C-alpha cells in the first residue's frame with residue numbers, strides 16, 4: 001500500500017487529493033461554527049440572543065443556512081454574461097482556498113513547505129479581487145459594478161501596506177518560509193520572543209489592513225447596504241452567493257492564520273516549559289477572529305474617501321518607514337542584544 005502511494009503516479013495524485021481533502025473539509029466545517037460564533041458575538045454586543053433555534057444553542061444554524069442557499073433557485077439577471085457570472089464565485093473561493101496550501105499548523109503539518117511561502121500567499125490573495133470584478137461586471141447592473149470597482153481599489157490599496165509590513169518580518173527572520181518565521185520566534189522567554197513586541201506598530205497596521213483586505217467592517221464599502229444594497233453580490237442568489245460568502249470567510253480565517261504566524265509565534269507555547277502544538281495555533285487564531293468580530297460589532301463604517309486616505313496617506317508611508325527602520329536596526333545591530341534577539345532571526 002505504501003509503495004502504491006509513493007512509487008506510482010496514480011498513487012501520488014490520490015495522495016495529494018487526500019491531503020487536500022484533509023485540509024479543506026475541516027476548514028469548511030470550522031467555517032460553519034465560526035460563522036455561528038460571529039453572529040453570537042455580534043448579538044451579545046447588541047444585547048440580543050442570536051441564533052438559538054436550529055440544534056442545541058443554535059449550533060446547527062449555519063448548516064441550515066448552507067442547505068437553504070443550496071436548494072434555492074439560481075436567478076441569472078437578463079443580459080448577464082452567464083459564463084463569467086458563474087465563474088466569478090468559483091474564482092473567488094478557489095483563490096482563497098489554495099492559499100492554505102502553504103500555511104503550517106505545526107512542525108510538518110503543512111501541505112507544501114515552500115521557501116517562498118509568504119510570496120505565494122501574497123500573490124494568490126491578490127488574485128481574489130478578480131472574482132469580485134468578474135462578478136460585478138458580469139451581472140450587467142450598476143450597483144454590482146460600482147461595488148466591484150470599490151473592492152478592487154480597496155484591496156489593491158491595502159495590499160501594498162500588507163506587503164511592506166510582511167517585508168519587515170522577513171527582514172527580521174531572513175526567510176519567507178512560515179515554518180522558519182515561527183522558529184525564529186522560539187526562545188527561552190516564551191511569548192516575549194514573539195514578533196508582536198518589536199513589531200507592535202506593524203501588528204496594529206496589519207490587523208486594520210487585513211480588515212480592509214477582506215472587506216470586513218468597518219471597511220465593507222464594496223457591499224455598503226445603504227449605498228449599494230449588497231455591492232457586487234446584489235444579483236447573486238443560491239449557490240453562487242454561498243460560494244462568495246464562503247470565499248470571504250476563508251480569506252478572513254487566512255488573515256487570522258497569517259497574523260498568528262507572523263506576530264504571535266504560530267504553534268509555539270506562550271509559557272516556557274509547556275509543549276508546543278497545533279492547540280496553540282488554533283487558540284491564537286480564535287482569539288484573532290474574536291477581535292475581527294468585535295470590530296464588526298462596535299466600529300462604524302468609514303466613508304470611501306476616508307478609507308483611501310487612511311491607506312495611501314497614513315499606512316503606506318508608515319509601513320515604508322518601518323521597513324527602512326527594521327533594515328537599519330538589523331544591519332547595524334542597534335540597541336545591541338535586545339534588538340538582535342528579534343531583528344536578525346534570534
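Cβ coordinates are placed from backbone N, Cα and C, and glycine is handled just like the others.
According to Swiss-Prot, the features are:
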- 13-33: transmembrane segment (TRANSMEM)
- 51-71: transmembrane segment (TRANSMEM)
- 83-103: transmembrane segment (TRANSMEM)
- 116-136: transmembrane segment (TRANSMEM)
- 162-182: transmembrane segment (TRANSMEM)
- 191-211: transmembrane segment (TRANSMEM)
- 244-264: transmembrane segment (TRANSMEM)
- 278-298: transmembrane segment (TRANSMEM)
- 310-330: transmembrane segment (TRANSMEM)
Beyond the flanks of the transmembrane segment (162-182) by at least 6 residues, Cβ under 8 Å: 102-104, 107, 110, 113-119, 122, 195, 198-199, 202, 205-206, 209-210, 213, 261-263, 265-268, 316, 319-320, 322-323, 326-327, 330, 342-345
Leading stretch by Cβ pairs under 8 Å, where the reference is the transmembrane segment (244-264) and the options are 83-103, 191-211, 278-298: 83-103
Other parts of the chain folded back onto the transmembrane segment (83-103), taken as Cβ under 8 Å at six or more residues beyond its ends: 23-24, 27, 76-77, 110-114, 117, 120-121, 124-125, 127-128, 130-132, 134-135, 137-139, 178, 236, 240-241, 243-244, 246-248, 250-251, 254, 257-258, 261
